[in-house]
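Colleague: According to TrEMBL:
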DOMAIN    B:9-283  domain 'Hydroxymethylglutaryl-coenzyme A synthase C-terminal'
BINDING   B:Ser43, B:Lys86, B:Lys90  CoA binding site
ACT_SITE  B:His81  active site, proton donor/acceptor
Number of protein chains: 2
Amino acid sequence: MLIGPDAPIAFESKLRGSHMAHVYDFYKPNLASEYPVVDGKLSQTCYLMALDACYKYFCHKFEKLEGKQFSINDAEYFVFHSPYNKLVQKSFARLVFNDFTRNASSVDEAGKEKLAPFASLTGDESYQNRDLEKASQQVAKPLYDAKVQPTTLVPKQVGNMYTASIYAAFASLIHNKHSALNDKRVILFSYGSGLTATMFSLRLREGQHPFSLSNIASIMNVGEKLKSRHEFPPEKFVEIMQLMEHRYGAKDFVTNKDCSLLAPGTYYLTEVDSMYRRFYAKKPKEAPCENGAVANGH
Amino acid sequence: MLIGPDAPIAFESKLRGSHMAHVYDFYKPNLASEYPVVDGKLSQTCYLMALDACYKYFCHKFEKLEGKQFSINDAEYFVFHSPYNKLVQKSFARLVFNDFTRNASSVDEAGKEKLAPFASLTGDESYQNRDLEKASQQVAKPLYDAKVQPTTLVPKQVGNMYTASIYAAFASLIHNKHSALNDKRVILFSYGSGLTATMFSLRLREGQHPFSLSNIASIMNVGEKLKSRHEFPPEKFVEIMQLMEHRYGAKDFVTNKDCSLLAPGTYYLTEVDSMYRRFYAKKPKEAPCENGAVANGH
């Protein structure tokens, strides 16, 4: 991350709402395994509760600062920590439901009518109610298409990137909308299991070359990177995952040193010796690999 | 750590020498085990090489700042990262050997004579030479007794505290010498395997109550804490270690909840459930434990 004056992406540091709680929703207690222990239902409820809490503090800060009620319409885009897209849809619908209960301007009369049956649910009930989920997603649909859909490209195409997912979503937005982001507010919701969450706000502007949004979009080159991916049959994927599980934390092995699919300049593991010491090689810039394959990275 | 004005323990931030290197001397690659992988001989050589490098930079900084050569005599005490006392003795002797090769004032004529046979050793040779080790420790003995011995109490009594060992050594110094530390310079050598090391300098003064050295010494209460330890036969120690190894990273067990040896107010583990979730209880202030034992902590 580069920090400097006249940034094209600036934090609105007074607009920030945070929430923490001690929960076992998604964690890695088994150090010998690469995989986490996940309580899926709890994790989703925790995420939505954290979203509610952060949004509440965020709105409070905005209202103190600006002297008027905040609504979803006060931001152009919403970017979420994105383990899977369905949760992003639910989350944005949850913000719309929040605006409904707050009587904020983003929900029109038709929307209010659809959500009215759920107005008296307790918080706990509302997290489990499928009808509310469906109704609020319906009401949210036009706003979701305008304010969230442009942020979903990379998380949908790549799958769960964990910590990186919020920035993969933000990169998707810059990729899709770079020429239309000048002076726009973007609100991000960051979530880490365990848990700690923050909703924060960015103000974008085109900026000066080379630190302009259009140059950032061009250098990220998201479209080409997605296109340059390689397709594998599921059997090959399973085989690679099994090798990875077998070698996680292991010693005394050499890799096949096949770097044909790596980008030029990438470091890759060649060996872990009997003392667990790790050895790496670097793929040359546009030159043949050790196994004779020709470099074809991005 | 409390930071504030008129501190009794102040960093001399211009006097600092650091050194880093990529080495596998002591590391924890096996995440399922609590124990590290150690290359003992390499680790000791790395420690001494890092000490030499840090001392060189430290002396250089001092000389640029003060316009005169640094010698061991310019500091009252030397505090080391202390995995075991023998290494502390070797390290201080190594500084004396450095002063000898630098022709610094801390080594007298008798010392120079004893060290002369080793003047032409290469760096690598000097780390392995037992005769040099013996001779330099002999020459260093009076300085060690004055400048290092008062820092060794807790590390010697408690054993290897790893990261904490340098501050355990520093606490020993304050415990032993608090009334004689006013306006004294103390040099610390911090080392972490892997490796990164820094030699840095503190200037002490008595300070104002409650932040005075004598009050710090009184509150640390090192003497009483050492005295209040409980003696166990080796068989019991082995039994406890086996239980710890068995439970490291494990799930689905309850502990015996015996908190008779814990200090009042201490949190202790009572259970790890089938999902690896951990549960704790807190020992009350001066009240009976769950198992009926009477609190007898420090």
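Backbone N, Cα and C atoms are what each Cβ position is placed from, and that goes for glycine too.
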Colleague: Give, as a single whole number between 0 and 100, the mean pLDDT over the domain 'Hydroxymethylglutaryl-coenzyme A synthase C-terminal' (B:9-283).
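Modeller: Summarising the domain 'Hydroxymethylglutaryl-coenzyme A synthase C-terminal' (B:9-283) by its mean pLDDT gives 96.
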Colleague: Which site among B:His81, B:Lys86, B:Lys90 has the most other CB atoms no more than 10 Å from its CB, taking these as recorded positions?
Modeller: B:His81
Colleague: Cβ within 8 Å of the CoA site centroid (B:Ser43, B:Lys86, B:Lys90 excluded): which residues?
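Modeller: Other same-chain residues with Cβ inside the cutoff are B:Gln44, B:Tyr47, B:Leu48, B:Pro83, B:Tyr84, B:Leu87, B:Val88, B:Ser91.
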Colleague: In sequence order, which residues at least six apart in the same chain have a CB under 8 Å from the CB of B:Ser43 (CoA binding site)?
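Modeller: In sequence order, B:Asp25, B:Phe26, B:Ser193 meet the Cβ cut-off.
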Colleague: Return the maximum Cα to Cα distance in Å (whole number) over the record's CoA-binding residues: B:Ser43, B:Lys86, B:Lys90.
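Modeller: With B:Ser43, B:Lys86, B:Lys90 as the binding residues for CoA, the largest Cα distance is 14 Å.
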Colleague: How long is the line from the C-alpha of B:His81 (active site, proton donor/acceptor) to the C-alpha of B:Lys90 (CoA binding site), rounded to the nearest angstrom?
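Modeller: B:Lys90 (CoA binding site) has its Cα 12 Å from the Cα of B:His81 (active site, proton donor/acceptor).
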Colleague: According to DSSP, folded down to helix, strand and coil, what is B:His81 (active site, proton donor/acceptor)?
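Modeller: For B:His81 (active site, proton donor/acceptor) - judged by DSSP and reduced to three states - the answer is coil.
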